[in-house]
Amino acid sequence: MSRQKDHANLFDDARSRLEEVCEALEVHDDVRERLMQPSLSLQVSVSVRMDDGSLRVFPGWRVQYDTTLGPAKGGIRFHPDVNQEEVTTLSFWMAVKCAVVDLPYGGGKGGVKVDPKRLSRLELERLARGYIRAVADIMGPDRDIPAPDVNTNATVIGWMADEYDHLARRKVPAAITGKPTALRGSYGRVAATGRGALHVLDLWAEQEQRKPEDTTVAIQGFGNAAYHFARLAHERGYRIVALSDSKGAIRSENGLDPDAIMERKTQNQRLHDLVYCDESVCIAEDVEHLDRDDLLALDVDVLALAALENQIHANNVDQVQARALLEIANGPVSSQADERLNERGVPVLPDVLVNTGGVIVSYYEWMQNLTGERWSEETINERLKEQIVREGRRVLERAEREDISYRQAAYRQGIERIAEGILERGNCQDTE
Ligand SMILES: NC(=O)C1=CN([C@@H]2O[C@H](COP(=O)(O)OP(=O)(O)OC[C@H]3O[C@@H](n4cnc5c(N)ncnc54)[C@H](OP(=O)(O)O)[C@@H]3O)[C@@H](O)[C@H]2O)C=CC1
Ligand SMILES: O=C(O)CCC(=O)C(=O)O
């Protein structure tokens with residue numbers, strides 16, 4: 001059962017996790033066969049006319065991993081390290097997570113290899129629109145519905161939505177989610193990933209009979225998912241004692257106020273109308289300053305990982321002192337590190353449950369766009385809580401009942417649902 005190999009490659013790592021789950025569930029061979037590779041991968045070149053008149057071409061991808069349970073769903077990432085393998089793996093995780101929380105979606109993901117912080121606002125808009133022109137043929141409300149991910153906030157998604165409407169020659173709001181509310185985006189989507197993660201942390205804390213005020217939390221990352229998680233967890237009474245971003249980390253044993261730090265971090269952004277924040281959490285005063293990765297080794301109750309993949313791996317896992325890990329990012333703990341934490345009895349609350357708040361509210365946005373309804377923020381937040389707590393509780397109970405890790409339990413819940421769909425579709429199915 002246990003994997004011996006140290007996988008050099010993210011997708012091999014993910015597939016090896018899938019193999020393990022398929023074996024444990026004794027799924028039909030058709031299921032394993034279908035889920036071992038994506039059903040559609042599109043590679044594109046996005047040409048952008050730069051402000052200085054030169055032309056630059058950025059590679060991009062859109063991958064639809066599996067569409068058994070519904071149209072492909074998943075964000076678009078702008079990052080200098082994005083590649084096809086990463087996008088494919090992220091699309092696989094989307095398929096699993098949508099099934100874990102019982103959404104009528106398959107998994108998809110997109111990416112463009114670019115450092116977006118080096119582009120002007122207009123160059124960025126041309127890139128966002130160019131990407132949509134390149135992938136529009138495989139998009140659509142019943143086919144593939146993109147959304148935000150790293151470095152694609154509501155502003156960027158708004159440009160993409162507008163470009164899709166131009167191509168379609170009509171309004172198609174349900175073709176992409178995470179839009180600004182003025183363009184029929186949903187209330188509550190911006191904070192949804194962090195809010196959902198907090199509900200899962202609460203579930204675990206309740207099970208452990210642990211009070212928020214007695215629980216210290218360190219958070220890696222201070223972007224969309226991390227900030228809203230930090231803000232809401234602070235409001236609930238958890239003690240946020242450390243934060244980091246790509247430039248550094250800060251710590252205070254007395255606790256940090258995420259809103260005050262975000263205020264300082266984004267001061268210049270508002271003054272200069274920037275799409276991204278160029279400042280760091282390190283701008284905060286009266287706190288201890290640490291090297292960025294020192295945060296991962298702090299002696300805290302909960303280490304929340306909300307930046308990128310593979311942050312805890314074979315080489316640093318033994319330095320982790322936290323009593324539990326909360327995976328808000330996708331894939332922040334490698335499978336080797338995961339096994340080691342399991343051996344040490346350190347629970348890992350897995351990404352495919354913890355960060356589903358974003359896609360759940362994207363689903364609510366899509367439903368509102370299809371019906372023309374507008375739900376209040378209160379309604380959205382209540383529905384999100386009901387759905388993530390219901391499915392999260394099933395995962396935690398299954399882990400206890402079957403004496404397996406939370407990750408194993410979540411994967412079993414998701415893969416079982418996809419497997420049932422694959423088999424119900426019949427013997428001569430087309431994957432598209
Ligand atoms: N946005 C969403 O709705 C969802 C996001 N996720 C996942 O959550 C994670 C974060 O996404 P999101 O918040 O949207 O992205 P953002 O781009 O908003 O934020 C990313 C944050 O991570 C920080 N960061 C990058 N590298 C490091 C590092 N090595 N150490 C510490 N911090 C680092 C960035 O720092 P800096 O500020 O300096 O750039 C930034 O604060 C990703 O894995 C994403 O796939 C999952 C579900 C939904
Ligand atoms: O909101 C969505 O549809 C997907 C968000 C996403 O990319 C993710 O959950 O990783």
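Just so it is clear, glycine is given a Cβ too, placed from its N, Cα and C backbone atoms.
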Notebook entry, point to check: To which of K73, K171, K385 does TrEMBL also attribute binding of substrate at the site defined by K97, S362?
Noted result: K73
Item checked: recorded positions close to ligand 1 - of K73, K97, D149, T193, N224, S362, only those whose C-beta is under 6 Å away -> D149, T193, N224
Check: What other residues of this chain sit with their CB within 8 A of the center of the CB atoms of K73, K97, S362, the recorded substrate site?
Finding: G74, M94, C98, L103, Y105, G107, A147, T356, G358, V359, I360, Y363
Notebook entry, point to check: Counting only other Cβ atoms and using a 10 Å cut-off, which of the binding-site residues T193, N224, S362 scores lowest?
Noted result: N224
Notebook entry, point to check: Between the recorded positions K73, K97, K109, D149, S362, which lies closest to N224 (NAD(+) binding site), Cα to Cα?
Noted result: D149
Check: Which of K97, K109 has the fewest nearby Cβ atoms, counting only those within 10 Å, among these recorded positions?
Finding: K97
Next item on the list: Determine the Cβ neighbour count for D149 (site 'Important for catalysis'): the number of other Cβ atoms within 10 Å of its Cβ.
Entry: 25
